[in-house]
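Quick notes on the structure that follows.
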Amino acid sequence: MSAASSLLSEDRFLCSICLDVFTDPVSTPCGHNFCKKCITTNWDLNFPCQCPNCKKIFNTRPELQVNTFISEMVAYFRKSAEQKTGSSSEKQAVQAGEVPCDVCTGTKLKALKSCLVCLVSYCETHLEPHVTMPGLKRHQLINPVTNLESRMCTKHDKLLELFCKDDQTCVCMHCTISEHKVHEVVPLEEEYKGKKAELGKKGAELLQMIQERQLKIEELKHSVEVSWENAYREIKAGVCAFTKLKYIIHRNQTKVIEMIEKKHKTTEKQADGLIKELQEEISELKKKSAELEQVSHSEDHCNLLQNFPSLNAAPPTKDWKEVRVHLPSYDGGVRTTVAQLVEMVENEMKKLFPKADLKTAQQSAVEVTLDPDTANPELILSEDGKQVHHGAYRGRQPDHSFGSEPGRPEEDNVTHSHFQHCIVVPGSVLHQIEILRKKVSFP
C-alpha cells in the first residue's frame with residue numbers, strides 16, 4: 001500500500017470528535033459515525049442532542065447502532081498499521097544523532113532524503129511520491145539534514161543557492177538582482193569547496209598544535225622525573241650525613257628532608273599547573289578539531305558556509321615554545337653542612353669528655369640489658385641487649401617507651417642517681433649520652 005493510500009484509509013476511519021481512529025464505532029439515525037464514548041459524552045453535555053457533523057437536532061435521545069462493518073475495518077486497519085510500523089521500526093527506527101522523518105507518526109523512522117522544495121525530511125516509505133509522481137520528481141533532494149528552513153531566504157522565500165563574497169553570506173537568485181546586485185556572487189558549491197579546503201588546512205594546523213602540546217607535556221613530565229631523581233639523591237645524601245649525628249639531630253634531618261621535598265613539590269606544582277593548562281588547550285583544540293571533522297563529512301553546503309566564521313576561528317592558545325619548569329638547584333649544601341656539624345660535634349665531644357673522664361665513666365659503668373619493646377624504633381639492639389646502634393626505621397612499635405628516650409634498661413634492677421652508657425657512632429668517636437638526670441628506679 002502506498003503512502004498516499006495509507007493516509008487516505010486512515011482518514012476514512014477517523015472520528016470527527018476526537019480526530020483519532022474509531023473506538024467502538026456507532027452510527028446515529030442521520031448516518032454519521034462516531035466513537036461510542038465520544039458521542040455519548042457529547043450528548044451528555046449538550047441538550048437537545050445534535051449530530052456534530054450535520055447539526056441535525058433530535059428532540060429525544062436516539063438509540064445508537066453499532067456499526068459492525070466499520071468496527072471490522074478499524075480492527076483490520078489497526079492490525080495492518082501495527083504490523084507495518086513494527087516491521088519498519090525494527091529496521092529503520094531513528095537513532096540518536098540521525099535525522100527523523102517529519103511525516104511519521106508514533107515511532108519516528110530514519111529519514112532517507114530531505115526535500116529543499118517541501119522543506120520536509122522523508123523516510124523510505126514517505127519518500128515514494130517523490131520518486132513516482134512526475135510533479136514531485138522535479139524537487140531537489142539532498143541527504144537528510146535538520147533545520148531545512150535555514151536553507152531558505154527569509155526575505156524572498158527562495159532556496160539559498162549562491163554565496164555573496166562581499167557580505168560573506170548565502171543568498172538566493174532574487175537577492176542577486178536586488179541588494180546584492182553589484183556584489184561578487186558565486187555558486188554555493190564553489191564557495192563550499194574553497195571554504196572546506198581552508199578548514200582542512202586549519203584542521204591540520206590544530207592537529208600540529210595538539211602534537212606540540214602533547215610533546216610539551218612529556219617534556220614537563222620528564223622534568224618532574226629529573227627533579228625527583230635529583231631530590232631523591234639529595235635526600236639520600238642528607239640522610240647519610242645525618243646518620244653520623246644519630247638521634248641528636250634527628251629532628252633537623254626531618255626538617256631538611258621536608259625542605260628538599262618542598263622544593264620538588266614546588267617544581268611539581270608548577271609543572272602540574274602548566275600540564276593542566278596544556279590539557280585544557282588540547283581539550284579545546286580537540287573539540288574544534290571534532291567540529292571540523294564533522295563538517296568535513298557533511299555535504300550540507302549552506303550549513304558549512306553559514307558557520308564558517310566560527311569554524312575557522314582558532315581557540316585562544318598560549319605560546320609554549322619558551323615555557324620551562326624551573327628546577328631547584330642542589331649544590332650539596334646539606335651534605336657539606338652536616339659534615340661540618342659532625343666534625344664540630346666530634347671535636348666538642350672530645351673537649352667535653354677527655355680520655356681520662358671517659359675512662360672514669362667506663363669504670364663506674366653498670367652492665368645493663370636494654371628492653372627492645374621500649375627502645376626507640378630507630379635503634380637496633382643486639383641479641384643479648386648489651387649493645388645498641390642506629391639503623392633503619394623498624395615501623396610502629398607498641399607504646400611501652402617512657403618519654404622520648406632512645407632506650408631503657410629493663411631486666412636488671414638498678415638504681416642510680418646518674419646513669420650513663422656509651423653508643424658507638426659509625427665513622428666517629430665514642431659518643432657519650434646522658435639519658436637520665438634524676439633518680440630513676442627500674443622495677
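For all residues, glycine too, the Cβ spot is worked out from N, Cα and C.
Bear in mind that TrEMBL entries carry predicted annotations, made automatically and left uncurated.
What you see is a predicted model, and the numbers here were worked out from it, not measured in a lab.
Checking the ranges 257-295, 374-412 against TrEMBL, the coiled coil annotation falls on 257-295.
In this model, the coiled coil (257-295) carries an average pLDDT of 89. Helix, strand and coil residue tallies for the domain 'RING-type' (15-55), in that order: 10 helix, 9 strand, 22 coil [DSSP].
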